[in-house]
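Trainee: Pulled these from TrEMBL:
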type	residues	note
BINDING	D31, L32, T33, R58, Q74, D78, R227, Y231, Y232	L-histidine binding site
DOMAIN	51-317	domain 'Aminoacyl-transfer RNA synthetases class-II family profile'
Amino acid sequence: QETLVGKYGEGAKLIYELKDQGGELLALRYDLTVPFARYLAMNKVTKMKRYHVAKVYRRDNPATTRGRYREFYQCDFDIAGQFDPMIPDAECLKIVHEILSDLQLGDFVIKVNDRRILNGVFAVCGVPESKFIPACTTVDKLDKVPWEEVRSEMVGEKGLSPEAADRIGEYVQLHGGLDLIEQLLQDPKLSQNKVAKEGLGDMKLLFEYLTLFGITEKISFDLSLARGLDYYTGVIFEAVLLQQDNEHLQEPASVGSVAGGGRYDGLVGMFDPKGRKVPCVGVSIGIERIFSILEQRLEASGEKLRTTETQVLVATPQKHLLAARMKLISELWDAGIKAEMLYKRDPKLLKQLQYCEDTGIPLAAIVGEQELADGVVKLRDVATRKEVRM
C-alpha cells in the first residue's frame, strides 16, 4: 500500500485497498505509471522506452455506459531517461495523435499545458505554495463545470482569496497555440516568474517540434488543463474526443478524455533508496473508453462486427459423419488454418451453413458420403453459394 500512497492527490480516495489474511496492508494498482517508476528504481534502469497494456483498479462509482469501470485496461507508453528537452515529449504526443487518427474515433483535440506554467500562474496570482496542488485539482474540473463553480470551490473549500481566484480565472480560461505562448512570454507578471518562464520556453520548443511532426492542428495549449495527479512535474496533456453530431444516438457520445499523460521527473527518485532521479514522460490510453465509443458507433450504423477469425467451418450433410469432420478439422488445424465445427454429433446442414452466415465464416468444407467415396471435399463459398470439389 505504501507504494501507492501520496502519489495521486485527491485520486487517493479511489485507491482499492485490501487487507490480506496476514494483516498486511495491500492495495491494487491505480495506474501503470507508479509501478513502472518503482520497477525502474528497483532494477536501477536509467533508460527505457516501453509500452504496457494491463488492468488497473479504482474504487469509483462505475458508469458503464460511459466506459467507467472499477477494473479496466490502460495502455501506457513511456520514455525514461536523460534526454534533451521536449524531444521525447513531442514523440509521445505524436503517438497519441497517430493512435486516435488510426482508430478513426472522429474529431479530437490534444490539450497541452505545463505544471510549471500553472504553478507560475498560481504564484503571480497570490496563491501560497502549500495550496498549489489543491488549486490544481480544482482547476482540473473546468472541462466539466463552469468557471463560477470552480471559483466558488477555490474560495469556499480550498481557502483561496476571492481576488486570487479572479486573477487565476483570467489565465486559466485562455487557450491557443504558439501565438498564446508568445503573448504569455510578454506578460509583465508571468514573464517575471522563473518557473513559468521555463515552462513557457519549453512549451514553445514543444510546439516547434510538433509543427515538424505535422500535428499542431489537433493540439491546443490550454491553461485550464491541470491533471489531478501529484506526480507530474512538467508538460501535461490530455486527449479529448469532440462532440459528434449523431442523430442516431439518444444521448451524445460525450466520452470526454480518452488519453492523458505528462512528465514525471521525480517519481523514480521516490522509490530509489539513494534518491537517484530518472526523468520520464508518458501517456496512458483508456481502452474501455475507446471501446464504448466504437460500440456505440457500431450500434448506430447497424453494421455487424465479425467476432471470429475462423476461415472455414467443417460441415457434414448426413448423419454418422462426426469421424470424417474430426479427421478433416485436425488436418486443417495442423496446417495452421483457423477452422471450426459444431459440437454436435449429427447437425443439420442448414444449421451449419446458418452458423457460417451468423458469424461471418467465409467458407464451409463439406464432406458427405459421396465426397468420402470420391476422396474429395466440397468447398462452399458461404456468401455466393458457389461450390468447388477439391
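Here the Cβ of each residue, glycine as well, is placed from N, Cα and C on the backbone.
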Trainee: List nothing but the one residue from T33, Q74 whose Cβ has the fewest other Cβ atoms within 10 Å; the candidates are the binding-site residues.
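Mentor: With the binding-site residues T33, Q74, fewest surrounding Cβ atoms within 10 Å: Q74.
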Trainee: Taking every residue in the domain 'Aminoacyl-transfer RNA synthetases class-II family profile' (51-317), what is their average pLDDT?
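Mentor: That stretch averages a pLDDT of 90.
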Trainee: Measure the Cβ-based neighbour count of D31 (L-histidine binding site), defined as the other Cβ atoms within 10 Å of its Cβ.
Mentor: 21
